[in-house]
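Notes to accompany the following structure.
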């Protein structure tokens, strides 16, 4: 009877431990999968360095294009679209964290001038909401409302991202002026090659950490490899760990050099950055321009009428 109770207690504890482990795994995986923009937010006070380089390039090493489209000029307290395009071949698949192949995700950071910010929902038109879809934007910092981040989101659906932006009003914000301002954007497609702590992801090439002869290659049960290298200098064994994902390029007995690629480079994505300019236009200046154009048109009309009147007078004098 005592043995049966002991067995039941052990079984209950094992079931509870397994349940807790599963919950921790699910929570961790969810946090990691949704934390890519957070990497930059946690590590850098400002996503744009003094050199002009956007910090996302520290983890996404391949250079790819990105495009931004904004109006040439906007009026104060006006909602407008900033459209970011992140082009890539929709047919390609990327290496996922588990080593399997999957669709690419995309993300973007939009650095607006001081005073510009994400438009509130009640100011966004139905047409613009339809373009935005189910995207959820967030500020880079609570104190930096002019810097917006988005992602990772499915690339096949959101390779073109529409940001709803509200322009500032210098009448209420004294530090904002009617000027031409720069806008900076960074956009990535696919996973990065380096994590913020400096470690490699499985979405990059792995190189030999020693020169010598490959003495043994062990294929791990969950994917990846352990490559044993007999060091050329003293013969001691150096083991390089290859995670699931990259394809192996070497074989046992092969002589290799230091930093020689052991795997292919599975990365199909990359990061790009661009910029644009926008003018915060003074309404009074626009009104003055319209008044000037109207006066020029009226002057032209009066000139034509005066010319016709003069021609009539000349014609009548000739007939007389």
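Cβ atoms are placed via backbone N, Cα and C, with glycine included.
As annotated by Swiss-Prot, heme binding site applies to 36, 56, 59, 60. The signal peptide annotation in Swiss-Prot covers 1-35 and is backed by sequence analysis. Summarising the annotation, Swiss-Prot assigns transmembrane segment to 286-306 and lists sequence analysis as the type of evidence.
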Check your understanding: Counting Cβ atoms within 10 Å across all protein chains shown, which of the binding-site residues 56, 59 comes out on top?
Key -> 56
Practice item. List the same-chain residues at least 6 positions away in sequence whose Cβ sits under 8 Å from the Cβ of residue 60 (heme binding site), in sequence order, or say none. Key: 188, 190, 192, 193, 269, 270, 271
Exercise for review: Look up residue 60 (heme binding site) in the DSSP assignment and reduce it to helix, strand or coil.
Suggested key: coil
